[in-house]
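**Q** Okay, these came from TrEMBL:
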DOMAIN    B:63-251  domain 'ABC transmembrane type-1'
TRANSMEM  B:12-32  transmembrane segment
TRANSMEM  B:69-88  transmembrane segment
TRANSMEM  B:95-118  transmembrane segment
TRANSMEM  B:130-154  transmembrane segment
TRANSMEM  B:175-197  transmembrane segment
TRANSMEM  B:203-225  transmembrane segment
TRANSMEM  B:232-251  transmembrane segment
Amino acid sequence: MTLPLSINNITAHYGTTKVLEDLSLDIGEGELVSLLGASGCGKTTTLRLIAGFLQPTSGTIRLGDKDLTKLPAHARDIGLVFQNYALFPHLSVRDNVAFGLKQRGIAAAERNKRANAFLERVGLDHLADRLPAALSGGQKQRVALARALVIEPPLLMFDEPLSNLDAKLRVDMRVEIRKLQRANGTTSVYVTHDQEEAFSISDRVAIMNEGRIMQLDTPETLYQRPANAFVARFVGFENLIPMTVTARDGETVTASLSDGSTLKFSQDRFGAIDDKFVLATRADGLSVSSDPGAEGIAAKLGLRTYLGRAYQYECETVAGKLIANGALSNPLEPGATAKLVPVADQCTILKPE
Amino acid sequence: MTTRINPALIGFTALVYVFLIGPLVIIFGAAISDTSYLTFPPQGLTLHWFENIWAISAFRRTIITSLQIAFLATTIALIIGIPAAYALNRYRVQLPGWLSTLFVLPILVPEIVMGFSLLRSVNVDSGVPIFFTLLIGHTLLVLPYVIRVISAALSSFDFSIEEAAISLGSRPAKTFFTIVLPNVRSGVIAAFILAFITSINDVSVSLFLTGPGISTLPIQILAHVEQFFDPTIASVSVLLMVLTVIVMIIVERTLGLTAVANTK
Ligand SMILES: Nc1ncnc2c1ncn2[C@@H]1O[C@H](COP(=O)(O)OP(=O)(O)OP(=O)(O)O)[C@@H](O)[C@H]1O
Ligand SMILES: [Mg+2]
């Protein structure tokens with residue numbers, strides 16, 4: 001069984017401090033959505049509201065046609081996986097996994113059978129009689145995963161489940177989590193502050209900041225078309241350059257920087273362009289050209305670093321310090337002047353902040 | 001390779017042991033001495049002084065009273081103290097910091113002052129039976145220790161474990177008994193033993209609260225030594241120690257076993 005989750009206009013406070021503001025989020029049946037954001041932005045708070053450990057000040061949370069805010073936490077039927085595993089230290093691995101089944105009144109023989117089956121799925125059937133203290137971090141998290149999945153919840157939630165594991169194991173485990181989630185088709189909310197982790201396993205990612213969702217989209221869209229400056233910076237657009245439109249000719253728009261130098265943009269590529277906008281690129285999206293006649297941003301080159309596939313330069317321009325890449329065939333010295341030419345398909349444009 | 005241990009350290013450790021165990025050895029020796037006065041080393045061997053405890057009815061009665069009071073006061077203090085300690089730790093962030101200090105403050109009040117105030121406020125005017133005044137006094141005496149020890153055990157308890165159980169469908173009240181308590185078992189055992197020993201050895205509080213017909217063993221011991229100087233005192237002390245050790249073993253066994261049973 002799996003159900004869609006719908007969070008509508010949730011506001012939440014700790015004491016008098018507002019932690020979430022008017023947050024809405026719809027997650028489709030079987031979809032995995034990540035909440036991604038810096039420490040303290042309200043990810044865990046959102047999960048705790050859904051799980052029922054915290055009451056929202058206003059707003060509703062619906063799972064299928066149930067209004068979760070009217071149910072106590074123990075009746076919400078949600079599988080939770082915690083960062084610190086939260087296994088029951090006094091129960092064997094098997095009893096940990098069977099705990100939820102026991103609460104559902106399933107007889108001992110049957111729940112042990114199901115627990116064993118799930119332990120086999122996560123590759124831990126040989127450790128069923130151990131206590132959690134005798135497991136490694138990765139094994140503990142597998143037990144926690146089995147414990148949350150065995151009750152076949154309509155919703156699964158993960159709060160930074162991999163951040164206590166080492167890098168290699170993190171990658172293995174996230175693939176495993178995604179496979180199990182896919183196989184069961186369970187609607188899932190996944191909290192992380194690791195962008196790669198979020199992008200690699202999610203159907204959609206919600207990027208959060210200070211209790212709000214800044215953008216909710218597929219990883220591809222977020223990566224290539226951030227909707228605002230915050231998300232752009234978050235996904236690694238180093239260069240945000242304010243521009244003003246000076247001329248329009250059909251679909252071609254000419255815009256200038258504060259020093260008067262101009263660049264041309266095609267509305268076929270970027271959609272309708274407002275009179276004031278921000279050009280956003282990663283270092284890849286600005287190409288360093290030593291040709292003084294090139295149409296680009298005048299720059300004085302600073303520190304050069306070697307990336308293997310290109311050289312990267314720190315550049316002083318009228319728009320402040322920009323990061324741009326240059327060809328390996330033509331290394332330029334610090335102090336040289338050059339033009340930074342935007343690479344159209346590596347750029348996006350944003351509304352001014 | 002062997003580790004060389006500093007001989008001075010060994011000597012010092014031995015000295016500490018002599019210091020700790022010496023008095024016990026002396027009391028044991030005196031209790032079996034076949035003399036009519038307290039002496040060490042024992043001269044002759046007899047169990048007469050142990051029989052004498054039972055022969056003196058005041059000892060008989062006060063041993064029973066002391067055991068009853070210690071057991072009941074400890075139990076009541078646990079029933080009040082465990083939830084209090086739980087609440088203090090569970091809601092630590094929401095609660096003001098001075099609250100947990102408030103609960104252990106009675107430890108700072110000299111016991112003799114506590115006994116006296118209880119005497120004035122409960123015993124004198126209210127007509128509450130002496131046994132219950134004693135019980136109240138001892139409960140108040142041991143409660144701060146219970147809260148302190150259980151709090152220490154709970155402070156290392158990860159409350160997300162409790163939340164995990166609730167999310168899996170366990171009601172909060174049931175979760176407390178099946179998940180929280182088994183994980184602070186050692187704290188409960190320690191609190192029980194500490195409270196029991198504090199109660200059964202208490203003089204200052206009991207001094208004010210005992211009355212006609214009802215006394216505790218330590219008070220009876222005091223009364224006895226005012227008149228007699230025979231080895232009965234030593235044998236009572238030995239008995240008290242033995243009883244305490246037996247209680248400790250029973251507590252360890254039963255609480256230990258419940259926790260094991262809970263895992264099934
Ligand atoms: N119990 C609490 N009482 C008061 N404020 C709290 C409490 N828990 C969290 N906060 C505050 O609420 C805000 C959101 O916290 P939350 O735990 O949701 O962040 P998060 O996004 O999960 O961060 P992290 O990545 O560090 O886990 C933070 O500013 C935090 O300081
Ligand atoms: Mg968090």
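Yeah, the Cβs are placed from backbone N, Cα and C, and that goes for glycine too.
No curator has checked TrEMBL annotations; they are predicted automatically.
Map these features onto the structure and tell me what's around them.
**A** For the transmembrane segment (B:69-88), same-chain residues at least 6 beyond its ends with a Cβ under 8 Å from one of its own Cβ atoms are 95, 99-100, 103, 131, 134-135, 138-139, 141-143, 145-147, 150-151, 154, 176, 180-181, 188, 191-192, 195-196, 199-200, 216, 247.
Within the same chain, residues 84, 87-88, 133, 136-137, 140-141, 143-145, 147-148, 151, 202, 204-209 sit at least 6 positions outside the transmembrane segment (B:95-118) and bring their C-beta atoms closer than 8 Å to a C-beta of that stretch.
Beyond the ends of the transmembrane segment (B:130-154), by six or more residues, the same chain brings 65, 69-70, 72-74, 76-78, 80-82, 84-86, 88-90, 100, 103-107, 111, 114-115, 118-119, 122-123, 180, 184, 186-188, 190-191, 194-195, 198-199, 202, 205-206, 208-214, 216 to within a C-beta distance below 8 angstroms of the stretch.
Below 8 angstroms of C-beta separation, residues 70-71, 73-74, 77-78, 81-82, 86, 142, 145-146, 149-150, 152-154, 157, 161-162, 165-166, 244, 247-248, 251-252, 255-256, 259, 262-263 of the same chain, each at least six residues beyond the ends of the transmembrane segment (B:175-197), sit close to that stretch.
Residues 56, 58-59, 61-63, 65-66, 69, 110-112, 114-116, 118-119, 123, 130-131, 133-134, 137-138, 141, 232-233, 236-237, 240 of the same chain lie 6+ residues outside the transmembrane segment (B:203-225) yet bring a C-beta within less than 8 angstroms of a C-beta in it.
Sequence-distant contacts of the transmembrane segment (B:232-251) (same chain, at least 6 residues past either end, Cβ-Cβ under 8 Å): 24, 27-28, 30-33, 38, 49-50, 52-53, 56, 59, 63, 67, 71, 189, 192-193, 196-197, 200-201, 217, 221, 224-225.
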